[in-house]
Every structure is written in structure tokens, then in C-alpha cells.
There are 2 protein chains.
Amino acid sequence: MGETMGKLRRTHMCGNLRTDNIGEEVILMGWVQKRRDLGGLIFVDLRDTTGIVQIVFDKDVSKEAFDKADTIRSEYVLAVRGKVEKRQSVNKNIPTGEIEVFVEELKILDEAETPPIYIKDDDDVSEAMRLKYRYLDLRKPLMQRNLKIRHKTAKVVREFLDENNFVEIETPMLTKPTPEGARDYLVPSRVNPGKFYALPQSPQIMKQLLMVSGMDRYYQIVKCFRDEDLRANRQPEFTQIDLEMSFVDVDDVIELNEKLIYKIFKEIKGIEIDLPIKRMSYNEAMERYGTDKPDLRFGFELKNITDIVKNSQFKVFSGTIKNGGEVRGINIKGYADNFSRKDISKLENYARTYGAKGLAWIKINNDGISSPIAKFLGEEELNKIIERMDGEAGDLLLFVADKQSVVFDSLGHLRIEVAKQLDIIDEDDYKLVWVVDFPLFEYDEEEDRYVAKHHPFTHPVDEDIELLETEPEKVRAKAYDIVINGDEIGGGSIRINNSELQKRMFKALGFSMEEARNKFGFLLDAFKYGTPPHGGIAYGFDRLIMLLTGSDNIRDVIAFPKTQNATSLLTDAPSEVSIEQLEELHIKLDD
Amino acid sequence: MGETMGKLRRTHMCGNLRTDNIGEEVILMGWVQKRRDLGGLIFVDLRDTTGIVQIVFDKDVSKEAFDKADTIRSEYVLAVRGKVEKRQSVNKNIPTGEIEVFVEELKILDEAETPPIYIKDDDDVSEAMRLKYRYLDLRKPLMQRNLKIRHKTAKVVREFLDENNFVEIETPMLTKPTPEGARDYLVPSRVNPGKFYALPQSPQIMKQLLMVSGMDRYYQIVKCFRDEDLRANRQPEFTQIDLEMSFVDVDDVIELNEKLIYKIFKEIKGIEIDLPIKRMSYNEAMERYGTDKPDLRFGFELKNITDIVKNSQFKVFSGTIKNGGEVRGINIKGYADNFSRKDISKLENYARTYGAKGLAWIKINNDGISSPIAKFLGEEELNKIIERMDGEAGDLLLFVADKQSVVFDSLGHLRIEVAKQLDIIDEDDYKLVWVVDFPLFEYDEEEDRYVAKHHPFTHPVDEDIELLETEPEKVRAKAYDIVINGDEIGGGSIRINNSELQKRMFKALGFSMEEARNKFGFLLDAFKYGTPPHGGIAYGFDRLIMLLTGSDNIRDVIAFPKTQNATSLLTDAPSEVSIEQLEELHIKLDD
């Protein structure tokens, strides 16, 4: 039922043996990937975290080992001592394929039942099974690779920040519940009846306090928590690379972070990205891509035709505009033939999921156009539209008429969907862009007031400060997001370090100073005793690792993730607890 | 109310300027530590995270800067551009004391109210004030130094483990409540009504699963949580350096960790510790020091005189022994004259706090002995005792008669208390020892059964396995603690990787397999599919940093600690939350 290693101590890792090792005696330990019996020999693929090597049991080398080997099955754990020899039938598919190890001594360290999932990357078992048997799923080479890339990325980040005089400082996990924003996970306090800690949504306030403390440069790779309904690729606990710097403005933060991003791509992907990274204003990103997370790997940019069609006979266009809406389109350049009416109808359904009421289209053929809306448009109008859209034979033009947010959202997603359907996105291409000059405020229709687009400590762009009271919607923020291939990988801002300006900000947000004090008391107190200019950024570490590993499932880059129902299929968390435990915490279940 | 930096960008850090910089134009940013006006000049000590430099405002250099400087007060935040010059009156106390900077341009980046605590290490304000104004307290050089040592230690640990093929893997913070051991912090689940997550007390089970996963070598510097009544130097959340290795036995783990410890001491303290580190069995540690955390920096070792006095006329001794107790003593060698009867009486009171009913003593003078118990002892008995205690003129012998646990506990603490009173402990001396061969079980009198001294997965010493059913109290564990100067800095064990042995272990603990399955279900399942021999260790990172910084208060090595009441005086966490929030979590307050 399992032998001990005895005096055997591992000398080599399975995946590292090469022809250089021929003739050496080695001691290997690992799992049985596969066993084959052939010509009186037993061949075993032995696997450890570095890879696979073929070991051979031969009666003539060791009868004892051979006989014992006859009992082994998949996933048994072995320790073997043997000699590396040149392999007769070379296997070009694995790095160790030119050698094999003839076993002189075998210890079966543990037996194994037949595993409920296969230990191979192309196993197509359900994700539920993968998560339930995560300890087996993690044996797969791809998962081992993903976790190692995650480790290496953290290492590269730390090395870079260490070299740049950042100090890694741990901020508390048991924090104060926050007054607004996403939902907190709460933790009842036993020694303070009726009171609760919150798990941090981010270390934002603590890192600003560290700047007030004169720590100068802070970083942390840290768990954060949000109790939100989980969409795909969200987890209740997620990891941020969080950093903050004193005595900086936007360019300082961006320049340092570009070097960091350069280093990550260089060391993890072997790619040298171009510096400086392109910057694009929020407005430009919205106008051209319909989103503040533009994917620049392909075209199909948005064009505004509102001015052309505002008096159109086509009431779907002109009526929408009269009601305050607008009309924009994208040109699927050169791919008109790829989309039948039925395909376009499917695209329309896709656009509807983002709120569009319909999708108007014009196909430009060599011999004229086909379009269900052409008959409503005058010839001049049609020509102007085609000109604006840069339309030529072979193009498919798609239009949405609606209020601006719907136009952006639906066309922004549509251009990506079309590119995916056409399979024209180069997965090995990385297009990076800083999106800057975000609006400082956005109007919250529910609350009928302006709210901070980032957070209420975000510094306005200097020349816009005078507009705070008069035209708040025009005030831009010293905020920046780094967007890679359409994903926001990180974002941050310069913070207000001046009480006067902070007061004006709160006023613009409709907070009295008393409300502000209730919400942010200790931070406002801290700002009274000399606050340096400061700013920072936080990266979504899980998302970054997805990008670097080419994973499209966040659960493939986290060792022990939760489902979309926020449960662990492995440990069965969350679970019920005893009445006594609840009593100690001064709470009871609400029934 | 605060200027912007404008085009000024920091070129140097305050504390780094030296005579080499004389003649250079520099731009510095920092806080006003002190301002003095002297001979028509304004002198300011400007402070940043690297230290202090003197800057000088001289009308003749810049009238504008001089006039502005006239308004500045302590803790104002400044940006200055100026020229480094040789200082007339050298200050040998600070590294920048040979230079000063004549300011050509000044920007006041933020003003400051008078801070409620002084920004200097020897401020003797209450700890409550320090914690409330933590962002000011952290400005003190000592706190900045402590956090930097913490950072650097984490860095050294990571570098070492990276080089040794460990993979840093994050384990979940939202885990399954544990069935026994210390109290969990619980987190109610919103989407799973009536169910709770627990914050991890340690990643123990997850790291064992990672070994089952074939990750081979895992580490993490990670927050852990225990909701226990806080003693001094305990925090509700604390940090562990946690690691686990596959295909290892005790010596492998110890040897690797000795190299790690060596590197930490070398890089942080500049001390080269001797390797291998001494090992001492649990039994020897208890016999000689009365504790499994022996401080080896001084003597006063325990000696057993039970055999000598078991038939003594002195009934306090012989009576105790008859009732199953024992008598041991320590020799305060050469310090008899330091302790008056009154002093010894105080020591007795100290011993009582550890359960001792009294403290017998013998003082050996040049001209005989003085002792309140001598008259009850025969001369031969007395001589034997003195011989056993290695007693000579000038020695003070102290004895406790009680059941073994009280004798060990009281004498163990007493020898430390005496050494502290005598001030003979060299704070720059580091005595390291591995305590090994712990008993696998300890008897729990309340539960009237054996419980695992470490945890139920700890592997027994191989040659003791046969005693599991017959003499469990004699079975030693493959467990090891690293003890430095009387503090347990880390501990770990080799784990059972064999189902058969695990079953015998559970049986010895009095669990049915069904109970075991309820408690540890998914781990036992995992062990069915091929488990490598594995073991690891966890270090108390806060405690290690206390040792390396020479702090005797855990709150001095944590940026934002909690009080013994588990509250944050800074943020006021924990705090009340709204009824709506509780309703969402399906709980209500227990009133």
C-alpha cells in the first residue's frame, strides 16, 4: 500500500533529461502517465511537473523491479533508480524523446484508483468535473504551464518594482465596510457584537494613506473582493497588481508603467512592444470604436452619419435623431460576400442584445447596391453616406440609429463579433493603447446627479478645473486605462491632494461636507497634515494572465476558482455552520 | 492652498545627497521636518523616505522663494529646486550633514495643520494615538525602516524559493469552514442563503492538494485569519510564509529551509549563521528548558531531582511526587547575591502565575547555605541535590514541585524572567534550534482522548508506526519547529501520503472513517489518486520581522494593525452596517 522513498533522493526531473545524460545513473520520481507492455518489456511514461520521460522495465536489468512494475497502473506514484540510455525509437514529440531510462530499482510510493478525468490537455470532460477534481485537473500540462506563467509574471512585476524603489506593503483584509460602490463581503465580529468587517474591494484608500505616510512608492499583489453577480470571467475574489507613487503626474505614472508592461511582454512572451504606447482620448475611443476598451487589431471603425440623415425621408433615421438620438455605421470592408441576408439577420439579433432596435445595412456590389433601406434614401443622401463610410464595391455597411449609448454599445460589440466571425483577429498580435482624458463625472440617471466615473478622489485635468461648477460634464479626469486587444488590463488616476479642490469635487458630486466626512472621514482627516501629489494604477492580475496564457476562461489561470454561483465544487464552500458558531458571532439566519 | 509641481520633476531623494553632489542643481520633494530662522536665512530640514537634508532660503538667492518660505510650517509638503553646496557647520549626525541646498525655486504642494503626534521616533505618545493617526506614525523613520525590512525580507524569501523551483500559487481566501481547531472568521454568502465561507486559518489543505496536483514545490506569502481572543503580539489577520515540497523527508525540508534562514540572516542582518542548525528533540527541550521553544542564549537549565527527594521528609516534595508529580530546579549560577529574600518572593509570585504552588530555594553562600527548606532536608539529601544542581558558592537554586506540566511551564518561564531581570541576554545574539521528534499525539483531558499535536495528516516517525495502536503516546511525529531565541518562528511536518496509514491515524484519534470523511472529505478523496510523499513548513512572517527589526510589539511591523480588541483605531473597523445589507446576506442581528 505504498513504500517509503527509503534512501532514494531525486537527482533529476523527468522532463529535463537529454542525450547529455546518457550513461548517468538517475533517480526520478513522478506519476505514471501511461504503461505499455511490449516484447517482454514494460514501458512507462513517467510524468512530473517538468514533463514526461520513458522508463523501461527489463527482467534482465532487474527482475524485482520488472515484477513490481507489472502491478502499476495510471497515476501510481513511483520512485525509480536507473540508467539513462539512448532510445531506439526516437519520439520527436517530446523533448526527452531521444533517451529512455532502464530501471534498476523501483519503489511504488502510492497507488491510485482510476482517476475520474483524464490527465491530458485535450480531455473534453465538463468544467464541473474539472473543478470538482481540481487536484487532478491541475496535473494537466496546460494548467501547470498557466500557473507557472502566473508565478513568473508576478516575479517579473516584483523585480521591476523592487528595482524602481517600490516597497511592498500589506494592507488589511479586515477593513471597514464601504458606503457605496459594489457590494462588500461582510465578516461579523465576535468581540464587537453587531459590527462587521468588510473584505476590501481594493486597497485604494489604504494606498493613498501610505502616500500621506511618506512611503513614497507602494505596491502589492493582493486579493480583492466584490460580491457582485458573477458574469463570465469574474470571480468573487480576484487579484490586483496595485501600485501608487508620490510626487507624480500622469506622464510619470504612464512612463513607469510602460516600462513595466514592456518588461512583462519581453520576459513572458518574448515580444518587444513599441514604446511609448499609443494614447487615445476617451472621446476618440468612443467615436471610433464605440467603447473605451478598443480592440485595435482590426478596422471596421464607427463613422457618424447623423448630419447626413437628420432630415432623411427614412424616418427610422430622422425620427431617432429628432428624439435626441444619432446614426452611426461601420464598414465591413471587403467582406460583403461573406454575409448573406440570413447572416445579416443574425448580426441584427446580436445588435439587439445590446439594445439596438434594428440594424440597417447597405451592401455595395460591383453592379450597384443592395439594401432594404435604399429605397427610402435619396440618391444624394445615399452617395453621401457611402462616401462618409468610405464605401466601395465589396463592402458591407451596417448602421444603428438610437440614443448614443446604445449606438456605441451595439456597434462597438458588433465590430468585434464580425471580426470574430471572419476569423481575422491575429491572436499573436498585441495592440496596446492608453485611454486617457476620461470624463471626471458621469450622469447617473437613477440618482439624478453626477457621480464620479472613477472615484471621488480623482484629480481633474488642470485646465478643466475652472469648469467644475459650470460645466462639470466637460471636465476631464487625470485618469488612464491600459487596454490590450480590447481588454482593460489596468487603470488608475492622479488623486486630488488639496483640500480646497477636494471640497469643490464633493460639492460637484452633491455631497455636503458632512456626508463626505461620514463616507470618507479618516481619509479626509489624513489629507489635513500634508499630502503629496500622488497617483497610481491597479492591474487585473487574473485578466493579465489570461492575456499572457491565451486563456479565454478566467478559471484556467486560477488554481482553485469558484463557479459563477460563487461556490467551490472542490471544497463545497460556502457551507452551513452550526447555530453555536452563529451565536458566538451575534447573528442568526434570516428565515 | 497648494501649488502644482508644474514642470518640476524630482531629480534626487533628500537622504541620498552627499559631497559628490556639490555644485549640482537638484529638485527635491518632501515634508518640512523643522524650520529655523537664523541670521536672515530660513533653514528647513526637508524629509522624504530616504532621510533628511537641510535646505536654505536666502533672499539673495531667491527673494520669491524666501518670502514664500516664511509661511511654511512643520509637515508642509514642498518641491524645491536649488543648488547643492558645502555646509558651513557640518552635522555629523545625519548622512547628508556635510551639504545643504540653497533654494532657487519653491512650490508649496500642500499645507498642513499641526499634527497631533510628533514625527520622530522618540515621541512617547500613547499607542492609541499612534494607531489613530497611523498615517502620521508611519512617517517616523523607525516605522519606515521596519516596513522596508519587511519588504526586503519578503524579497529575499521569494528570490531564494524562486531559485529553488518553488512556484508561488495563490490559494483561496473564501474557503470552507473548518470543523475543528481555532475559530474561523465567517463570511455569509449572498447567493447561497444560509451558507458561509470561512477565511483561511492556513492554506494547509490547499497546499497538500497542490502536491497531489503534481505542482512539486509551492510557496506563498499569505494572509491567514484566526478569530481568537487576542493576546499580546497576536493579530486577527497575520501573514505566513507557507511552503510545501513533494518527494521529501524531514532532512530534505530542514536542509532547504536552513539555506533559506541562512540567506535571510545574511541579507537582512549581515550575520552568517552556522549550518547545520542544531537539532534538539522535543523531550530534550522540555527536560532542559521546560518548553519546546527554548531560548539558548543563556543557561539556568532545568534539572530533575525527583529521584533524590521522592522519600524526603520535606512533604511538599515527597507528597507531590507520591501524587504523580515531580520536582525540578534551576541554578541561577553566580547570581545568588543579586536576589534578596524579597526578590525571591517576587519570583515565587511570578512562578505562581504559571500554576506553581510555591518556589523552594537554596542560596549557596561562601560560608554555607541559606534556605527555608534546608531544615526539612537531610544532609545527604541536601548534598545530593546540590551536586545534581551543580551548585557552588554564589549560586541560587530554585525548585518547583508539581505535576510535570506545571513544573515545566513555571520553571521554563522563570529562567527567562530571571535572565531578563539580570539583563544578561545579548539582543544581538541569535541562537537557532530545530526542535524535532514531537509526540504525534497529545492527550486532551477535556475530550478524554488523544488529539493530533500538529494535525491529523502528520506522518509518524517510521520506526514508531508499529506503536500507533499499542502505545500512541510514544509515537513521535515527523514534525519540526524552528526556534530562534525562544520564539517559534516556523513549524511544519512531513504528511501522510498513504491511505492505509491515514486510516490507522484516524482510528488512533478516535474518528470513524465516516467522521473523518465529514471533516476532511475532499482531501481524503484526493489522496486516492496517487499522492507523492510531501511535507512543508509555515513561518510566522510578522514574528520573523519582529525578530529581524528587534521589535517587541507586533504592531510595529504591520502597516495598519488592529488593537487587542480586533478594531482599527484608524478606520473604525469593524462597524455597523445597514439592515438592507444584512437582509441581502440572509442574516439578522441576534438580540
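Cβ coordinates come from backbone N, Cα and C, glycine included.
Some features that TrEMBL has for this protein:
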type    : residues                                                                                 : note
BINDING : B:Glu180, B:Arg226, B:His454, B:Arg495                                                   : L-aspartate binding site
BINDING : B:Arg226, B:Asp227, B:Glu228, B:Gln235, B:Glu488, B:Gly540, B:Phe541, B:Asp542, B:Arg543 : ATP binding site
DOMAIN  : B:147-561                                                                                : domain 'Aminoacyl-transfer RNA synthetases class-II family profile'
REGION  : B:204-207                                                                                : region 'Aspartate'
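Mapped onto this structure are the features recorded in TrEMBL.
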{"residue": "B:Arg226", "record": "L-aspartate binding site", "DSSP class": "coil"}
{"residue": "B:His454", "record": "L-aspartate binding site", "DSSP class": "coil"}
{"residue": "B:Glu488", "record": "ATP binding site", "DSSP class": "strand"}
{"residue": "B:Arg495", "record": "L-aspartate binding site", "DSSP class": "strand"}
{"residue": "B:Phe541", "record": "ATP binding site", "DSSP class": "helix"}
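Neighbour density for B:Arg495 (L-aspartate binding site): within 10 A of its CB lie 26 other CB atoms from the protein chains shown. Using CA atoms as reference points, the binding-site residues B:Arg226, B:His454, B:Arg495 were checked against B:Phe541 (ATP binding site), and the closest is B:Arg226. DSSP labels the residues of the region 'Aspartate' (B:204-207) in these numbers: 4 helix, 0 strand, 0 coil. For B:Glu488 (ATP binding site), the nearest neighbour among the binding-site residues B:Arg226, B:His454, B:Arg495, judged by Cα separation, is B:His454. If you take the C-beta of B:Glu228 (ATP binding site) and look for same-chain residues 6 or more apart in sequence within under 8 angstroms, you find B:Ala182, B:Arg183, B:Arg234.
Taking the Cβ of B:His454 (L-aspartate binding site) as reference, residues of its chain lying under 8 Å away and at least six apart in sequence are, in sequence order, B:Phe438, B:Leu440, B:Ala477, B:Ala479, B:Gly491, B:Ser493.
Using a 10 Å Cβ-Cβ cutoff, B:Phe541 (ATP binding site) registers 26 neighbours. B:Arg543 (ATP binding site) and B:Arg226 (L-aspartate binding site) are 15 Å apart (CA-CA, integer value). Cβ contacts within 10 Å of B:Arg543 (ATP binding site), excluding its own Cβ and spanning all protein chains shown: 20. Taking each Cβ in turn and tallying the other Cβ atoms within 10 Å, the top scorer among the binding-site residues B:Arg226, B:Glu488 is B:Arg226. The two recorded residues, B:Arg543 (ATP binding site) and B:Arg495 (L-aspartate binding site), have Cα atoms 25 Å apart.
Those residues noted as binding ATP (B:Arg226, B:Asp227, B:Glu228, B:Gln235, B:Glu488, B:Gly540, B:Phe541, B:Asp542, B:Arg543) have their most widely separated CA atoms at a distance of 20 Å.
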